[in-house]
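For reference, TrEMBL has these:
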{"type": "TRANSMEM", "residues": "24-41", "note": "transmembrane segment"}
{"type": "TRANSMEM", "residues": "53-73", "note": "transmembrane segment"}
{"type": "TRANSMEM", "residues": "79-96", "note": "transmembrane segment"}
{"type": "TRANSMEM", "residues": "132-151", "note": "transmembrane segment"}
{"type": "TRANSMEM", "residues": "163-185", "note": "transmembrane segment"}
{"type": "TRANSMEM", "residues": "197-219", "note": "transmembrane segment"}
{"type": "TRANSMEM", "residues": "239-257", "note": "transmembrane segment"}
{"type": "TRANSMEM", "residues": "264-283", "note": "transmembrane segment"}
{"type": "TRANSMEM", "residues": "303-324", "note": "transmembrane segment"}
{"type": "TRANSMEM", "residues": "381-405", "note": "transmembrane segment"}
{"type": "TRANSMEM", "residues": "426-448", "note": "transmembrane segment"}
{"type": "TRANSMEM", "residues": "460-480", "note": "transmembrane segment"}
Amino acid sequence: MANSYKAMKEAFVSGLTGGTVGEINYVTLVAPSTVLLWSVLQSRLRLFTPYNTPAILIDFLLNCAAILCATTIYSSAPLLLNLLIILPAASLYLIYRPTAKQAKPRPSRRLEHSEQAPEPFPIKPFVTNYRGSMLVVTCIAILAVDFHIFPRRFAKVENWGTSLMDMGVGSFVFSSGVVSARSILRDQMNQRSTPLLKRLVASLRHSLPLLVLGFIRLYSVKGLDYAEHVTEYGVHWNFFFTLGFLPPFVAIFHSLFRLIPSYALLSCILGFAYEAALDLTTLKAFVLTAPRTDLLSKNREGIFSFFGYLAIFLAGQAAGMYVLPRQQPVEKGASTRDILKKSTLARLVAWTLLWTCLFVFSTNFYGMGLAVSRRLANLPYFLWVTAFNCGQLALFCAVETLCFPNLQKADDPLESQKGKEATSRILSAFNRNGLALFLLANLLTGLVNMTVPTLHVKPLASMGILVAYISGVCGLALVLDHRGISIKL
């Protein structure tokens with residue numbers, strides 16, 4: 001009986017072909033839409049200041065429950081859900097105006113006399129909201145995929161195609177690349193060059209916890225005879241290993257930055273070179289069809305897809321290089337070149353269009369004619385993930401620009417305080433403790449699957465379990481954030 005149910009679980013997530021890119025865009029649009037409504041409520045009504053119990057509940061409903069609904073009960077009507085969120089936001093934005101008192105709270109005496117130089121890489125609310133929303137979607141999908149209420153077209157594709165969860169793993173890597181650019185920018189600002197050996201040692205310190213988690217997951221899955229999808233990463237490999245091996249390889253590629261001073265170009269070179277290896281050799285056939293006879297062949301998906309994820313990480317770093325620095329003021333009547341050079345939003349839009357054009361060229365019949373494969377992490381997958389995430393960053397940046405204009409000013413002593421008030425506390429908590437929450441989500445998913453026959457649970461009960469689950473993850477995030485604990489990815 002147990003073996004037959006395990007076989008049913010494995011069949012439930014196998015042989016899937018995914019959905020359309022358009023539908024994935026509509027579903028994920030819910031995240032910036034809810035941040036828009038949250039931002040309007042905060043900028044117009046100061047609804048989340050102070051952050052009391054009603055504020056926590058509304059924050060949860062907007063930034064967790066709405067995303068859960070988008071991937072379950074509203075999965076067939078994502079545009080309707082977006083309208084239900086955007087229309088109230090637009091109405092409140094047009095009806096209310098922020099008062100002078102709301103826009104400029106009285107500074108403290110300590111801040112008035114501060115003469116410290118402004119932070120060159122300030123914490124930007126739109127980056128926090130973007131990463132927080134991505135982690136919320138990831139945590140929800142990890143468990144929801146085991147229930148019938150989560151559409152099969154959103155689950156990971158077997159070989160070729162696009163799905164919400166395929167985008168999720170790529171976005172996880174891309175967002176890590178974005179924030180990792182901060183250390184590179186600081187080295188450049190201080191005109192400091194760290195030797196390769198020292199960078200490798202530092203990278204191994206980041207890798208070790210992830211590799212340990214990878215081995216823990218490996219032994220727990222094998223020891224508990226947990227249902228697993230072998231063609232996802234291989235027999236022994238898992239996503240923690242992919243994350244763990246990224247830092248040392250990124251440290252090596254950082255040395256190439258002196259020869260090719262563009263992480264975007266480096267990522268493209270790696271992506272195209274890997275695709276050439278897939279198409280011009282027997283590598284593609286080996287990854288997709290080879291018998292699993294030794295350690296390499298048993299884990300071929302995880303080992304070779306790593307090169308695609310490395311390209312995605314480098315593309316994330318490329319985005320971080322222009323997203324994280326303080327934006328320079330754009331004068332009225334500035335030229336297009338000056339706007340693209342100084343405006344973060346304009347650069348994000350431009351890069352989104354560029355990556356999208358490359359993605360269309362790679363998949364179009366009159367271009368390269370390739371299909372997206374998360375299993376291979378091939379060139380179209382790398383370009384799709386990069387274009388999507390640049391687009392998401394652009395949307396979150398547009399929301400911040402609309403609702404909190406001129407949020408970052410070098411001469412404003414309240415810049416940090418205003419930044420915190422312009423950021424969802426829940427999304428900030430997810431962003432601050434991504435590693436801890438991702439681990440908790442995996443542990444709770446395993447616990448639920450070992451105690452509940454998820455394939456036989458009806459929709460109402462499924463929603464109850466999922467709401468309780470994401471409430472628990474969210475609760476821990478807020479507790480860690482309140483205590484000032486930060487365990488980032």
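Numbers here mean position along the shown chain, with the first residue as 1.
Cβ atoms are placed via backbone N, Cα and C, with glycine included.
Note: the stretches the transmembrane segment (381-405) and the transmembrane segment (53-73) are not in contact (fewer than 3 CB pairs below 8 A, sequence gap of 6 or more).
The transmembrane segment (53-73) and the transmembrane segment (132-151) are in contact, since at least 3 Cβ pairs between them lie under 8 Å (pairs 6 or more apart in sequence). Contacts between the transmembrane segment (426-448) and the transmembrane segment (132-151): present, as 3 or more C-beta pairs lie under 8 angstroms, all at sequence separation of six or more. Beyond the transmembrane segment (303-324), the same-chain residues lying 6 or more positions past its ends with a Cβ under 8 Å from any Cβ of the stretch are 121, 124, 127, 170, 173-182, 184-185, 233-234, 237, 242, 245-246, 249-250, 253, 262-264, 266-268, 270-271, 274, 283, 287, 296, 344, 347-348, 351, 355, 374-379, 381-382, 385-386, 389-390, 393. For the transmembrane segment (239-257), the partner stretch with the highest count of Cβ pairs under 8 angstroms, out of 132-151, 163-185, 264-283, is 163-185. Put simply, of 24-41, 132-151, 264-283, the stretch with the most CB pairs closer than 8 A to the transmembrane segment (163-185) is 132-151. Sequence-distant contacts of the transmembrane segment (24-41), counting only residues of its own chain at least 6 positions beyond either end whose CB sits under 8 Å from a CB of the stretch, comprise 47-48, 58-59, 62-63, 66-67, 70-71, 75, 78-79, 81-82, 85-86, 88-89, 92-93, 129, 133-134, 136-137, 154, 162-164, 167, 388, 392, 395-396, 399-400, 402-404, 422, 424, 427.
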